[in-house]
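Presented below is the structure to which this report refers.
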Number of protein chains: 2
Amino acid sequence: MDSANKVVGSTVSSSNKPNWKLKSVVIAALTLLTSSQSILIVWSKRAGKYEYSVTTANFSVEALKCALSLAALFRIWKTEGVNENNRLSTSFDEVSVYPIPAALYVIKNLLQYYIFAYVDAPAYQILKNLNIVTTGVLYRFILKRKLSQFQWAAFIFLCVGCTITQVNSTSDHVLQTSLPGWLMAVVMALLSGFAGVYTEAIIKKRPSRNINVQNFWLYIFGMLFNIIAIFIQDFDAVANNGFFHGYTFITVCMILNHALSGIAVSMVMKFADNIVKVYATSVAMLLTGIVSVFLFGFNLSLPFFLGTINVSVSVYLHYIGSSAKLQAMPAQIRTERV
Amino acid sequence: MDSANKVVGSTVSSSNKPNWKLKSVVIAALTLLTSSQSILIVWSKRAGKYEYSVTTANFSVEALKCALSLAALFRIWKTEGVNENNRLSTSFDEVSVYPIPAALYVIKNLLQYYIFAYVDAPAYQILKNLNIVTTGVLYRFILKRKLSQFQWAAFIFLCVGCTITQVNSTSDHVLQTSLPGWLMAVVMALLSGFAGVYTEAIIKKRPSRNINVQNFWLYIFGMLFNIIAIFIQDFDAVANNGFFHGYTFITVCMILNHALSGIAVSMVMKFADNIVKVYATSVAMLLTGIVSVFLFGFNLSLPFFLGTINVSVSVYLHYIGSSAKLQAMPAQIRTERV
């Protein structure tokens, strides 16, 4: 391809020019899929416990994503033929970085077992919002992409808003979290943010490369690392009760949902960025809360209401904050002319 | 004075050009005085009840403000001599609007007794933040002053932030407030916002008029309306126990503080505006909370912490939001040149 496509970090490829329509569809899909995710997880539990092995479900999600990417590729090969951008074969140079995000997620998931020795589940729900901050900071310093001052402010309001929605009468003890608890929460937020930012860097490094090929390789390593996780955590359960023990219709729906939202995340990384992903998943959390009012008789709390306002206005501020940068441009042009 | 000073709503008068130094001192004074206000109120109560008549304290505040304005005027007359701008005598046209804010406050204070039939005190603390919204809206539509989109967003975040700080385990019932409760809260917020905006309009209508003269007339009507309030609410107590019954050293400090912060509010209206006043009093509320941690062993709650972040970033957003409008200016200049 031409040199313009080789620019690292460029979102656009000539064959794959993202338009507003595609971008909007992908963002809407991510938002809706994520919002239904938490609801399916609640449904998939029996009496508050998982009856199936979570690691086998994670593996199934990776396998399904891999199969869907392949299916999409078969269709593309049929219409466009195999070319440099959509061929499955790869170089070591291209594929060598793909295991990194998968490995980071596995480390994060393992840490999750240990952090509960220091913080309880409701406190963890609140500390998890730190990854909004880490994503923003890593996005700025690793991808070297700039946010305007308004967008930074919007990002802080987003983080506060998401945290507020989860405030309840027992939340205050979060502030009494011990130092190891805080450290682990920060490390987990960094790992999660780093995995996201790294995935974006990988996907955008080769803008002309077909997203389904990039996904295929990402998911192959996802499968690999999840096999390791099955051996570490659930070997006995799987050996005794079988791989798919405890799977129900809801479990299958959940796996399907996770697979589709995983693909939506990749698409958002390709055609938008991590910041958009964070906003989409935050709005999804609000949608989950609102749907839960009807489905689970969840009470609309004042903090949820206030958090919703904060998140909504933050989305608006992020949007108008991007054009504020553009307003300054004519001044630069004018200076150059003088 | 020259015609430029006759522009309605102008903040600047040639004899009284507000500079950054004066503005900053006035804003800092308002913030510090307001933050110590709540602490003095807590101290002035004995076993959670006022031992003195609140209406006589309000009258004393107005009388003290009046006396301080007169004292300031005597000093000015001594150095500058009496002129058109600092003379105390006034026209019906000038003075006719001064009773309006005083009357609005009295109506609001009377309503305050009735609203407690519908909402309790903690819920009222939360609903009171509606006056941030009404002040913004009335400022825009009555004073016709524009806020940038960023400043509107900042104002919503300020309102959410102030409300969050007051969230506790019993706050959720605010959402179950009955319709009459909501209506009264909105009416009170409108009265309070309207009184503030109206005072600003009166003070800025005659920019060259000395602020101490304007204050003198405002406070004269404040005294008058508070005498009426004494007769309505505390006539028996005053007749039996005397005007100053139950006054302590703390009560006197409180009255002094109220008088000085009242004058600071007038100064902010003259040299800044209602928006700045709302920000200053919001920051004061945070300072009160932080000081209370040390003075009253008040626990730093997660909502207070989150609200503090929201309010602080909102102040920053309001500040950078004003220069965002300026960024667009070079483009206009450029267009004019072409």
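Note: Cβ is positioned from N, Cα and C throughout, glycine not excepted.
Just so it is clear, the model here is predicted, and its values are computed rather than measured.
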Study note, to complete from the structure: Checking A:110-129, A:150-169 against TrEMBL, the stretch recorded as transmembrane segment is A:150-169
Review point. Residues of the same chain, at least six outside the transmembrane segment (A:20-43), with any C-beta under 8 angstroms of its C-beta?
Key: 250, 253-254, 257-258, 260-261, 264-265, 267-268, 271-272, 276-277, 280-281, 283-285, 287-288, 291-292, 295-296
Exercise for review: Take the transmembrane segment (A:215-232) and find every residue of the same chain, 6 or more past its ends, with a Cβ under 8 Å from one of its Cβ atoms.
Suggested key: 53, 55-56, 58-59, 62-63, 65-66, 69-70, 73, 88, 90, 94-95, 98-99, 101-103, 105-106, 109-110, 199, 202, 238, 262-263, 266
Exercise for review: Counting only CB pairs under 8 A, let me know which of A:150-169, A:181-203, A:244-266, A:278-298 has the most with the transmembrane segment (A:304-321).
Suggested key: A:150-169
Exercise for review: Using a Cβ-Cβ cut-off of under 8 Å, list the residues of the same chain that are 6+ residues beyond the ends of the transmembrane segment (A:244-266) and lie near it.
Suggested key: 26, 29-30, 33-34, 36-37, 40-41, 43-44, 50-53, 56-57, 60-61, 64-65, 68-69, 199, 203, 211, 214-215, 218-219, 237-238, 277
